[in-house]
Amino acid sequence: MNIMTIAPLALLSLLAVVLSAHGYAYDFFYFVQQWPGSYCDTSSGCCYPSYGKPPSDFDIHGLWPNYNNGSYPSNCDPNNPFDLSKIQDLVTSLRPNWASLACPSSDSTSFWQHEWEKHGTCSETILDEHSYFQDALNLKSMTNLLSCLKSANISPNGGSYTLTSIKNAISACIGHVPWIECNKDASGRYQLYQVYICVDHSGTTLIDCPVFPTGACGSSIIFPTF
C-alpha cells in the first residue's frame, strides 16, 4: 500500500504511536478536574445527577492519554467497550467524585462510559478499565485541589482571584505547574473551570507537563459558589 493513500488523520495517529518516546501508545496523561459551580454557572446551566447534588468540591472530568507533541489518541479500541460490572466496587466512590452535570439528569454511568471508550481504551496497554478509574480516584485524593486553594485563601465564594495566584497555590501544593481552563458565566465573566495536571504514563505519578493545552483566561477570574 502506498503510504500516501492512508487518510491524513489516520497517518498522523499512526506516526504519533510509532514515535512515542517511551514505546507506549501515548506519552503522558492530563488528569482533568472541573469546578462544578463553573460548569453550572453558564447560559446553558446544568442538571444534578439522579442521585443528588454532588459535593462542593472539584469533580473528575477525565484521565486523558496525550502525546508530547500536543496531539492525543481517542476511541482506540471498539472491541473493549465500557463494562459497569468491572468497576461495580468503585461506583460508591465514583458517584460523588466523577459526577455528570450534563442535562438531562443521569446516574453518571454514560459519562463514565464516554470517558473509558474515548480516552481509557487508549491506555489499555497499561491500565485495564478498573485500574483506569481507580487511578483517577487516587489522583483526586492525592491532589486535593480545593484544600490547596483554600490554604492560599482562595475560596469558592464568588470572589475574583488572579490567575497567577491560583496557579501558584496549586503549584506550591502539588509540586508541579497546572494549566487552568476558564469558561464564562452567564454575564460573560471568566471563571475557574478546569485544572489540568500532568501524570506519567503509568497513571500514578505527577510530572511537569511536557506541553500545555491552549485557551484564554482573564488575568483575574471568578471562583463561583456551588
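Placement of Cβ uses the backbone N, Cα and C atoms for every residue, glycine included.
Per TrEMBL, the features are as follows:
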- H61: active site (ACT_SITE)
- E115: active site (ACT_SITE)
- H119: active site (ACT_SITE)
- 1-20: signal peptide (SIGNAL)
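Counting other Cβ atoms within 10 Å of each Cβ, the active-site residues H61, H119 show the lowest value at H61. You'll find the Cα of E115 (active site) roughly 8 Å from the Cα of H61 (active site).
Each residue contributes its Cα atom, and for H61 (active site) and H119 (active site) these two points are 11 Å apart.
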